[in-house]
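Enquirer: Before I ask anything, here is the structure I am working with.
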Amino acid sequence: MPEYRLVPDSIRENFNNFHPNELFENLHDIVLEGEVNADESDLSSSPEVNDALYEQQLDKSLLSKSSIVGLGFGLMSPVLGMCTSMSIGLKDGGPLTILIGFMVSGIFTWFCSLSLGEVVSKYPNELHISSAMLSSYLTDNTLDSKLRYIASWYTGWLMLIGNWTMSTSITFAGAQLTISLLLLMKSDLISETHLILFTVIVFYLVVTIVGFINLKFSRFIETINKICVIWIFYAIIFIDVLLLVFQAGKFRSLKYALFHFDNSLSGYTSAFLSFIIGFQQSNFTLQGFSMLPALADEVKRPERDIPRGMSTAVLLSTFSGVVFLLPIMLILPDLDNIFNNKNSNLLPIVSIFTQSTHSKFVSVFLVFCILGNLLFSGIGSITTSSRAVYSFSRDHALPYHELWTFVDSDSVSKVPKYSIWLSMGVSYTLGLLALFSTAAFNAFVGAAVLCLCTATVIPLILVLISGRRSIRNAPVKMKYKLGWIVNILSVAWLLLAMVSVCFPPQIPVTFSTMNYALMVYIFCLIIITVLYFQWGKNNFVLPHPMKTSLTSNPSTYAMSKSLVDLSRETDMEEFNSTNKSSTEENKYNNEPDAFQDLGRNPFDDENNIELQYTTANHHHEEKDFTKKHHSPLSSLLKTSEIDLSER
């Protein structure tokens, strides 16, 4: 009798050698230009990389590329994100909306990560700096250009609000899942009257735990992110296998799991509109990629590691999400049973587990697997939001910016502790809204996607307006024709995501079920605008790149380096004397002096002579260091496009 084999020998032998990371790297090699394959040491020292050269206070070697992937994977965990928002997809189409919609969203989100990765590679800083640099290119590097300040201001604040609200929504969703787990074990443990109160209490506990880990154990973030990836993978394996093994009823067909569509519970007559609204679930899960550039100060090679790590995390989340969702669609119970009154206090995913397995023990274990993701996602969200506060405060965008940028140099964990406390405080405050109105809280969850999408789309539009010339020579860059296509598709997708998140998942609506995300978003825009005129015009400062051709000519660059050495001592003596009184007023002993707070002396880094940074207020009072201190190099830089090789 011949031996029976389930899988052909060729596939079975090659399967052990298959590594998903190799597949992702091959995809990157197809769409990206050859610079990404260059030696890492060349990339890190390339004069084409525009680094803002702020004083380095954070640990530059804290995060590696693998850590960026792990942190991004935690923020975009399909296990936590798709499970806690499952009701949206189930009501607005079911399996087709959930599974196919997630695949479509994953592909376009990858396009967005590639497009944003080019910008971060060229300008490896938080996105408000990228918007400022891109605007400077469009305005011929005019120092007092309103465009660079306005674009940077709105990008920075929308990214900051998006970080805060996304962090809050992640931890609150985890709190809701925790309450569902408690009710699963004992249904009468919490009365419906006190359900929201106990959810907020659990939410406060989660925020406190992840905030404490960020404050005291940030030096272990590399290990935490590796554990995050392992946990999510094993959670997917355990959940999928146990659901298939303990399925008590009949399995759905593969056709049903992939293509069944039923939007009767949504109330919408248009199938297309329901499918678009269903993208809310996927966008809530995958939009976290745009939070990663805020970590540039803690990555050794941000011009390479953040773009590659960001896009790899999106691919990893998409691939694992499809694997995770398919078995759930195969054992999906009838929707009427999931949303009946008996299960009204449970999240739909918990009802799916209990009705498919008919085992409380197995269901509790499956929910526990999901809750493990909450810890890693919560840690990552507080990390990114606090770094967004720190980065934006360095340019005096926030009142009390000295406090938010303070880093204790003597501490073991060099983190902006007051920025972490501020991010935790914002989460505490937003969590209180749920006590008064769940609709108001849900509106901030929707506003998180709106703010993050807007902050991402601003620099991408600036790139397109410049004809992609503003990201020329970026270490990580898409091929020319492909770059245009991907950039346009990315902008279109982000705009579509913003439209989809404004619709209520179900109609007709009541006061408590209405989607107020658009109203909250408009309110945020009004507040940002008022802050600009009341605070930003007089306090907000930006680094400024001089329009020079110093790095375009080897002989020019060599001569410039010698001029740096000649002028360094004279310039620094003059500058230190003029700023002596300013440094004496520093609030903290180990706080950087006044000039370093705005941007490190550009003469300290010979490899980045392409950039000459200045600060200016919005009354156009130029504070250009080179104009106040006339050294040989200062005179040279005033002639913006002089060719020294001809002299």
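Yeah, the Cβs are placed from backbone N, Cα and C, and that goes for glycine too.
Dumping what TrEMBL says about this protein:
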TRANSMEM  68-90  transmembrane segment
DOMAIN    80-539  domain 'Amino acid permease/ SLC12A'
TRANSMEM  96-116  transmembrane segment
TRANSMEM  156-183  transmembrane segment
TRANSMEM  195-215  transmembrane segment
TRANSMEM  227-248  transmembrane segment
TRANSMEM  268-292  transmembrane segment
TRANSMEM  313-332  transmembrane segment
TRANSMEM  361-384  transmembrane segment
TRANSMEM  418-437  transmembrane segment
TRANSMEM  443-465  transmembrane segment
TRANSMEM  485-507  transmembrane segment
TRANSMEM  513-533  transmembrane segment
REGION    573-601  region 'Disordered'
Enquirer: Per-residue pLDDT averaged over the domain 'Amino acid permease/ SLC12A' (80-539) comes to what?
Expert: 90
Enquirer: Checking distant contacts: for the transmembrane segment (195-215), what same-chain residues at least six beyond its ends satisfy Cβ-Cβ under 8 A?
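Expert: Long-range Cβ neighbours of the transmembrane segment (195-215): 171-172, 174-176, 178-179, 224, 345, 374-375, 378-379, 381-383, 386, 413, 415, 417, 420-421, 423-424, 427-428, 431-432, 434-435, 438.
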Enquirer: Looking only at residues six or more beyond either end of the transmembrane segment (268-292), which have a C-beta under 8 A from one in the stretch?
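Expert: 68, 71-72, 75-78, 81-82, 85-86, 88-89, 92-93, 96-98, 101-102, 104-106, 109, 112-113, 116, 127, 159, 162-163, 166, 169, 261, 306, 309-311, 313-314, 317-318, 321, 380-381, 384-385, 388, 445-446, 448-449, 452-453, 455-456, 496-497, 499-501, 503, 505, 507.
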Enquirer: Could you pull out which residues elsewhere in the chain have a CB under 8 Å from any CB of the transmembrane segment (313-332), counting only those six or more residues past its ends?
Expert: 20, 24, 27, 68-69, 71-73, 75-79, 82, 94-95, 98-99, 102-103, 106-107, 109-110, 113, 229, 232-233, 236, 239-240, 243-244, 247, 249, 251-252, 254, 256-258, 285-286, 289, 292, 352, 356
Enquirer: Considering only Cβ pairs under 8 Å, which range in 96-116, 418-437, 513-533 makes the most contacts with the transmembrane segment (443-465)?
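Expert: So the stretch in question is 513-533.
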Enquirer: Residues of the same chain, at least six outside the transmembrane segment (227-248), with any C-beta under 8 angstroms of its C-beta?
Expert: 69-71, 73-74, 77, 79, 316, 320, 323-324, 326-328, 330-331, 353, 356-359, 362, 365-366, 369-370, 372-373, 376, 380
Enquirer: In the same chain, which residue numbers or ranges, 6 or more beyond the ends of the transmembrane segment (361-384), come under 8 angstroms Cβ to Cβ?
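Expert: Same-chain contacts beyond the flanks: 71-72, 74-75, 77, 79-80, 83, 163, 166-167, 170-171, 174, 177-178, 180-181, 184-185, 206-207, 209-211, 213-214, 218, 221, 224-225, 227-228, 231-232, 234-235, 238-239, 242-243, 246, 288, 291-292, 294-295, 349-350, 353-354, 420, 423-424.
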